[in-house]
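Visitor: Quick paste from TrEMBL:
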BINDING   A26, G27, A28, G29, S30, G31, K32, T33  ATP binding site
DOMAIN    5-289  domain 'UvrD-like helicase ATP-binding'
DOMAIN    290-579  domain 'UvrD-like helicase C-terminal'
Amino acid sequence: MDLSVDLNDKQLKAVKTTEGPVLVLAGAGSGKTRALTYRIAYLLNQGVDPYNILTLTFTNKAASDMKRKVKELIGKISTKMWMGTFHSVCVRIIGQNLEELGYEKGFVIYDQDESKALISDIILTFNLDTDKYDPKIVLNIINKAKMNMWNKRDLVNNFLKNEEGSQEYYKNIADIYIKYNEVLKENNAFDFNDLIAKTIELFDNNKEILEKYQSRFKYILIDEYQDTSPFQYKLASMLAKKHGNIFVVGDDYQSIYKFRGADMSNILNFNQDYPNCTTIKLEQNYRSKANIIEASNVLIAHNYQQFDKKAWTNKNSGEPLIICEAINEYSEADYVAEEIDNLVRFSGYNYNDIAILYRSNHQSRVLEEAFIRRRIPYHIVGGLGFYDRKEIKDIISYLKVAVNPQDTIAMKRIVNAPKRGIGAKTLDKLITHAQEYVPEFNLLSFAQEDNNLGLFDIMKDPSGVSGIGKATANKIKKFRRDLEDIITVKESRLSLPEQVDKILKVSGYQAMLELDGSETALNRLENLGEFLSLTENYYNKNQNRSLEDFVRDIKLLSDQDDINSSNQVKMMTVHSSKGLEYPIVFIVGLEEDNFPHYRSVKTGLLDEIEEERRLCYVAMTRAADRLFMSYARERQRYGETRSMAPSRFLDEIPVEYTLEKVHHRGL
Ligand SMILES: Nc1ncnc2c1ncn2[C@@H]1O[C@H](COP(=O)(O)OP(=O)(O)OP(=O)(O)O)[C@@H](O)[C@H]1O
Ligand SMILES: [Mg+2]
């Protein structure tokens, strides 16, 4: 491995300064991720034990790409080396310390939908008005509180100080927050923020455990550092405290996850937190043609809050950026499709050299129609992905119940899929009963441990629950027996894929779809088939993995769509394009109120617009060879046609880098 061939001097310095804190701060395409990857290979080559290296990436996909590259560089890769997102690393740490945390084996992770469902339930049991307490808003508030590790009082005080809303309103939400956390715990479940919060809590409360991980992780590396939230940052600093070898790379221009708690001040303050840190600025851009670099630099220079960075390239200026005005969104889509056709036919590009980026997911639909018309193969990255489909959520819920029969949220999903004649109301009665009556019952029966009877236990004999008649009670009992069969499958010696297959059958889910036979049902069966292959894949990588592991990891697999595999145009939101690069990039829908987004514009806050501008910078800098930007003069929104103005970001790009076009066809 001859580093000096593959890296420039500054990158080399980043790779070789292995001791002490290092901050690499540089613009898009300057080789930050490359330097980080080579640094891992270098450390291993120097004889560092892979066990001592921890790498944190922003997506699982980024981690798997990086693993592949390290393997390419040094020939092999050890499973002792931890590489993954903050969340996946926390899952591992939590898994190793369940007892200390007071959780049990087979814990589950709730996604935002499940959290929201749980919050809705709590709002109902609290008899609060769902118009006033919108579960989505309540969830956002709770997320924010958790990310900041606020307790009940902090939540009320902080929101009262900074947001509209009465004391009573926030007090009620704080009560929901407390109850929500209790139920999560009862269900042996963590939400996404818990993964990090509980790990921090674990370390705060158990100095020996913290010390163990601190000793282990002699070298910590973090990519996309600008988008870590303060509490991810806290976790990283805790782990780095002993050895102090923390290596972070990032670009303040690309901080685009404020809504998820990312805090630019992390990167802006790294120098202060680690006064002895070595700061390295990479200035040569290897990705993009000069026109793209210069245009994006001028754009981002409109922001105030940032470090000053230079960027240069020895690439030629390349083609001008194309800015296309279309009549409406259909004509815009037609334009994009036509250009793609031309690029593939006449300029030697493949479909998979091309990416379409948009501000919001819903924008893909019109483009898809245009692609289908022209037979352009495409793939939507993220969005309503595989894991968001009903049948996939349902089967996952079955697996969750198999692993943890007290998981009420999962139970609710499956109770009537297939139909069993047990309505939502009946289930609510059972749940209420579980919450209200059972502890008392347990007290009387002198149960000491494990006296937390849940829904599953009550189903065994629901006749005593008020409002449940005999017929319904029988249906519930039958359902409970089905669940027992499912749990038996889990405990059997069958392999993981066989277990999943069997659960599909025992549950009656597969039969339900087969019986239905409609187009939709067949589609669903196909997706379940895909799910089985995915299970197989997962299992083949490591045959020691159990259903418990699978259910836990599945949440973290979901952003791992292998997006480079086949020859298709990739479509995705700007947010999910972070860190990626494509020879050809189209950015569509560059209109005021769309990009910058209406939600940001209406706040009138400079901060919000700057975040949108950074998003635009991220989008532009994904392009290596050519960049196409377009806007529509009219667009349908919520059923009415609105006239649109071109995005202010287009005005900010000097004309010397651009060529303007108008497209009329495709109405
Ligand atoms: N020294 C180098 N010589 C040749 N190519 C390089 C060098 N450094 C980086 N590259 C290439 O330049 C491109 C951009 O590199 P990389 O993805 O590491 O940039 P980055 O700074 O991480 O960008 P982003 O901010 O968008 O994540 C990649 O294709 C990479 O292989
Ligand atoms: Mg990168």
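Cβ atoms here come from the backbone N, Cα and C positions, even for glycine.
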Visitor: Near ligand 2, which of the binding-site residues show up if the criterion is a Cβ under 6 Å from one of its atoms? Options: A26, A28, G29, S30, K32, T33.
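Guide: From A26, A28, G29, S30, K32, T33, counting a Cβ under 6 Å from ligand 2 as near, the near ones are K32, T33.
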Visitor: Which whole-number mean pLDDT does the model give the domain 'UvrD-like helicase C-terminal' (290-579)?
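Guide: Mean pLDDT, the domain 'UvrD-like helicase C-terminal' (290-579): 83.
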Visitor: Taking ligand 1 as the reference and 6 angstroms as the Cβ limit (strictly under), which binding-site residues among G27, A28, T33 are close?
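Guide: Once distances to ligand 1 are taken from each Cβ, A28, T33 fall under 6 Å.
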Visitor: Using a 10 Å radius around each Cβ and all protein chains in view, which of these binding-site residues has the most neighbours: S30, T33?
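Guide: When each Cβ's neighbours within 10 Å are tallied, S30 tops the list.
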Visitor: Would you mind checking how many other C-beta atoms are within 10 angstroms of the C-beta on A28 (ATP binding site)?
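Guide: So the number of other Cβ atoms within 10 Å of A28 (ATP binding site) is 26.
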Visitor: Near G27 (ATP binding site), which residues of its chain come within a Cβ-Cβ distance under 8 Å, counting only those 6 or more away in sequence?
Guide: D251, Y253, L282, N285, N297, K309, A311, T621
Visitor: What other residues of this chain sit with their CB within 8 A of the center of the CB atoms of A26, G27, A28, G29, S30, G31, K32, T33, the recorded ATP site?
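Guide: Nearby residues not in the site list: D251, L282, N285, Y286, R287.
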Visitor: Have a look around K32 (ATP binding site) and count the other CB atoms within 10 A of its CB, chains all included.
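Guide: Result for K32 (ATP binding site): 25 neighbouring Cβ atoms inside 10 Å.
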